[in-house]
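Engineer: Quick one: this structure, given as structure tokens, is what I'll be asking you about.
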């Protein structure tokens, strides 16, 4: 879910904190990529024309996306570092259960639309019922390994681990559509990083220090603002929209002071303090030490066996993609990724 309406609030209140850049700007830069978000984007991107299916009628659009988009990044001199979700925090389980219920409802609506042949509704509900599964994750990790592309599995939330990489200056920025990467403290967050290649959209670069300056908030106050807006870890408060949330934080400087001084309807199970702790500390979870992540070798035969023999991809297209990947790596524009993390695949 990310942070509700944060993007809109920042567009209206921090114009200096958001810049449009072409994808080529990130040539020679290292970018941490929220892998789960990328998989979801690739899975729903082909829904209008029907899912891309492999040999056994299993969806392969996530593999199509990871293979060709990653090659395009490498061609541009971008070093992608994919980060996969680890174990979600306990407080997020309620939100995950809600998502499960929404997907089940969407599945029912999809079947009803299918019965009457309403293709527009079918497409809408097909996207809503889409879920990234463990199979998708394992297949993408396998493909990245065969391609020699760096990837990590976070101890918990991928966005938090990506934020840590950025704070440690291991990467230039974090590519995700979830705005809570800012809440976790990532200095730079890149939206439209995947979409820019197919839709020719600019990358929207969010600069956290500039955003905090424009909003006249420190990071702990920004965390409280995001909690008021609505996040994955606790519900929103009735009657609190973006404008009011920002006004309350600027007036009282913390949720604790707001609750002491304002007459608000607060649910008994509103666990805002737990959300504060997660946003304030989750990105620091895990052993930190000097660590070197280098590009691994490209396994052409392994890629062909996986994508062509197992998944039914076109051999000529796959080989052309591998050639592009090899040639781009030979140019020596990628280098090595030196960062301070524990390898956790």
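Every residue, even glycine, has its Cβ placed from backbone N, Cα and C.
According to Swiss-Prot:
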REGION    1-103  region 'N-domain'
BINDING   34, 85, 157, 159  Mg(2+) 1 binding site
BINDING   47, 69, 157, 230, 232  DNA binding site
REGION    121-252  region 'I-domain'
BINDING   178, 180, 232  Mg(2+) 2 binding site
REGION    333-341  region 'Interaction with PCNA'
Engineer: Just the number: how many Å between the Cα atoms of residue 69 (DNA binding site) and residue 157 (Mg(2+) 1 binding site)?
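Structural biologist: Distance (Cα to Cα, whole Å): 23 Å.
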Engineer: Rank aside, I only need the closest one: which of the binding-site residues 34, 85, 159, 178, 180 has its C-alpha nearest to that of residue 230 (DNA binding site)?
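Structural biologist: That would be 180, the closest of 34, 85, 159, 178, 180 to residue 230 (DNA binding site).
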Engineer: Compute the C-alpha separation of residue 159 (Mg(2+) 1 binding site) from residue 180 (Mg(2+) 2 binding site), stating it in Å without decimals.
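Structural biologist: About 7 Å separates the two Cα atoms.
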Engineer: Anything within 10 Å of residue 232 (DNA binding site)? Look among the binding-site residues 34, 85, 157, 180, comparing CA atoms, and list what you find.
Structural biologist: 180
Engineer: Residues with Cβ closer than 8 Å to the Cβ of residue 180 (Mg(2+) 2 binding site), same chain and 6+ apart in sequence?
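Structural biologist: In sequence order, the residues whose Cβ lies under 8 Å from that of residue 180 (Mg(2+) 2 binding site) (at least 6 apart) are 2, 3, 159, 226, 231, 232, 279.
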Engineer: I'd like the number of other C-beta atoms within 10 A of the C-beta of residue 159 (Mg(2+) 1 binding site), please.
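Structural biologist: Around residue 159 (Mg(2+) 1 binding site), other Cβ atoms within 10 Å: 30.
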Engineer: If you skip the near sequence neighbours and keep only those at least six away, which residues in the chain come within under 8 angstroms of residue 34 (Mg(2+) 1 binding site), Cβ to Cβ?
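Structural biologist: In sequence order, 83, 158, 159, 162, 174, 175, 176, 177, 178, 181 meet the Cβ cut-off.
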Engineer: Quick one: among the binding-site residues 85, 178, which has the most Cβ atoms sitting within 10 Å of its own Cβ?
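Structural biologist: Per the Cβ count within 10 Å, the most buried is 178.
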Engineer: I need the most crowded of these binding-site residues: 157, 232. Count other C-beta atoms within 10 angstroms of each C-beta and give me the top one.
Structural biologist: 157
Engineer: DSSP three-state call for residue 230 (DNA binding site): helix, strand or coil?
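Structural biologist: The residue in question, residue 230 (DNA binding site), is coil (DSSP, three-state).
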